[in-house]
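For R104, H122, the entry in Swiss-Prot reads ATP binding site, with the evidence type similarity to another entry. According to Swiss-Prot, the feature active site, nucleophile maps to D144, an assignment based on similarity to another entry. Positions annotated as Mg(2+) binding site by Swiss-Prot: D144, D146, D380. As annotated by Swiss-Prot, IMP binding site applies to D144, D146, D152, T180, D345, K353, with the evidence given as similarity to another entry. Per Swiss-Prot, active site, proton donor is recorded for D146.
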Amino acid sequence: MSSRYRVEYQLKAHRKDAFIEWIKGLLAVPFVLHSVTERDNAQEKYRRVFEDVETLINEKITVDSDESLTRAAGVSRLDKLVPTIGTFFTPLPLTEAFLRQNARRAISERAYVSPSFNDIRHILNTAQIVQLARAGELSLVTFDGDVTLYEDGASLAAEDKVIGRLLRLLGAGMHVGIVTAAGYDDAENYERRLFGLLRRLERADLPNEAKRRLCVMGGESNFLFRCYERDGRAGFERVPESVWMSAELHQWNQQDINATLDLAEVMLRALREKLRLPAETQIIRKVRAVGIVPGQRFDPELGREIRVPLLRETLEEIVLTVQGRLENFPPAQRVQFSCFDGGSDVWCDIGGKDLGVAFLQRFYSPERPIRPEQSLHVGDQFAPVGSANDFKARLAGCTAWISSPQETVALLDDLLAELEAQKNM
């Protein structure tokens, strides 16, 4: 009988990343053939694989940027090998990144465990931040909220390590955005979730202009709030849509938006019954979102209210069902929407994080918008089909895929070290 890990792994095909899985397959060959008998050479064999992938990425960038090549050759070799591959906004120094991560993770020293999804994810992250730092043009760093800056459902406390790194980014001249699915249309809710960051900002030795480079994009792309400080007190103020929202979104028909959310709500209610969810489960309708969230139940043994969680498989079933129906619904086809599994709940938002990042790129620099190769989005949800709202951010800029706030801290430490090294060269 397969282990629980193997069973769940096979069930999660829609959560796999085709590019990472393809690289895993390339690395499996030298691992199987050489890892035991020629372990000393494993690093060199893995290095050659990443060198070849690096070359394929560079070729794809060239083909994608040259219309004459695109017309003549059709698509790059990498597009043929990984048909779902997206756009690369920068080259990726994968060879160097592998050697760095190998020094940390001893990938080539392992005789029984082949290079894993997480190994490759970290290598890709390292390659991206090294390239961005060396290019010297990084201008915008955006973050998801839950599981990226703080634990799922938590808030950003003043003692959280990531805050110091965010302040250093602001001090280095970066624009910092928090692009979150949390769809509050008032500043108070964001101030409550990010109170630790605001309190540290008040004490930080940063000019007001640097603090103004911090923004929150709520509801993925629906509500923009900018940081301010008055009389020593920091907070967020809402920015009028006319200042930052694109003309295309202004032209979306409100009836189409309402119809999309109405259908999503009807489906959530039907699925609540069909999947026999706990009676406490709630369906919440907002201005530009609708979601299903776990409720509370009194536990007589504990003597207090506890959350009644929803099964992970149930959350994924809801996401894929609602998304599949909306994709074939004419009003939803005339707008943009995002269905995703938030880890404990499911939401359907109007818009998406690609729009949220793009809006920030234009808001911070209206005359010359920040380009995708000058942007980095850090998030935890990049699965390519359903259930992952950070995935769309890949359309607007470079990305780093993390799995916890601790990984975010480590990633920012590496990024800041690279930026400092380039500054001192």
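Cβ atoms here come from the backbone N, Cα and C positions, even for glycine.
Distribution of Swiss-Prot features across the structure.
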residue	record	contacts (Cβ under 8 Å, 6+ apart)
R104	ATP binding site	none
H122	ATP binding site	Q101, R105
D146	Mg(2+) binding site	D152, G153, A154, T180, A181, G342, G343, D380
D345	IMP binding site	G291, I292, V293, P294, L310, L315
Whole-number Å value for how far K353 (IMP binding site) lies from the residue listed as 'active site, nucleophile' (Cα to Cα): 9
Least Cβ-crowded entry, counting other Cβ within 10 Å, from the recorded positions listed as D144, D152, D380: D152
Maximal Cα-Cα distance (Å) across residues annotated as binding IMP, namely D144, D146, D152, T180, D345, K353: 18
C-beta crowding around T180 (IMP binding site), within 10 angstroms: 27
Cβ neighbour count (within 10 Å, all chains shown) around K353 (IMP binding site): 31
